[in-house]
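Engineer: Straight out of Swiss-Prot:
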| type | residues | note |
| --- | --- | --- |
| COMPBIAS | 237-248 | compositional bias 'Basic and acidic residues' |
| MOD_RES | T60 | phosphothreonine |
| REGION | 235-254 | region 'Disordered' |
Amino acid sequence: MSGYDRALSIFSPDGHIFQVEYALEAVKRGTCAVGVKGKNCVVLGCERRSTLKLQDTRITPSKVSKIDSHVVLSFSGLNADSRILIEKARVEAQSHRLTLEDPVTVEYLTRYVAGVQQRYTQSGGVRPFGVSTLIAGFDPRDDEPKLYQTEPSGIYSSWSAQTIGRNSKTVREFLEKNYDRKEPPATVEECVKLTVRSLLEVVQTGAKNIEITVVKPDSDIVALSSEEINQYVTQIEQEKQEQQEQDKKKKSNH
């Protein structure tokens, strides 16, 4: 058994490539990331690891990276692995602009990132990337939001709302209950609020460990400040309390 465990390009007798499956386990241990498509925006939200007391917070890397002026990428899994993927994706986006004089489409970039991940499952002397990504943005001259996911195996898929990383099952169940594909969040505020609510299902420490980036058409990408995120968290907690009080009243009336 151990031989199949170690060798990357060998299938086990029952058809598994264990190293790729272990890479997925690394993703499940990574901090949670969520992507939600609104009517005219895409929001990426991430759980940030707590910084230590003496750590310089300015160079704590963001979990959301800009690949081009209209595409952002968030990840879950090994930070160092993600840096390589992000760098490769940026270079590809730049060379596409230079060669074709046109920005990449979001799907093209997703396919490229998934292709890099796939190559690292089939080569000797390398290991798979321990990273899943969420890639969000708008195509040039198009107002339709796009959200894709890639996995260590090289699979990529398109989503209305998706989550990766630890506790992603809990967050996905929340999104399945609260996200309506026929009527996605109509405003940026609604979309951000749903993203923050989904993250609060698993992030215990509130606003200080949440990161939110909003992508709108025409290369309009904004990272929300801690104060803005805090306002959303406070509002959500107030609504929760009001709901609990209403439920209590209903019970006591019965």
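Using N, Cα and C of the backbone, Cβ positions are placed for all residues, glycine too.
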Engineer: Checking distant contacts: for the compositional bias 'Basic and acidic residues' (237-248), what same-chain residues at least six beyond its ends satisfy Cβ-Cβ under 8 A?
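Structural biologist: Same-chain residues near the compositional bias 'Basic and acidic residues' (237-248) but 6 or more away: none.
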Engineer: If you run through the compositional bias 'Basic and acidic residues' (237-248) with DSSP, how many residues end up as helix, strand and coil?
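Structural biologist: Per-class counts: 12 helix, 0 strand, 0 coil.
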Engineer: What is the number of other Cβ atoms found within 10 Å of the Cβ of the residue listed as 'phosphothreonine'?
Structural biologist: 13
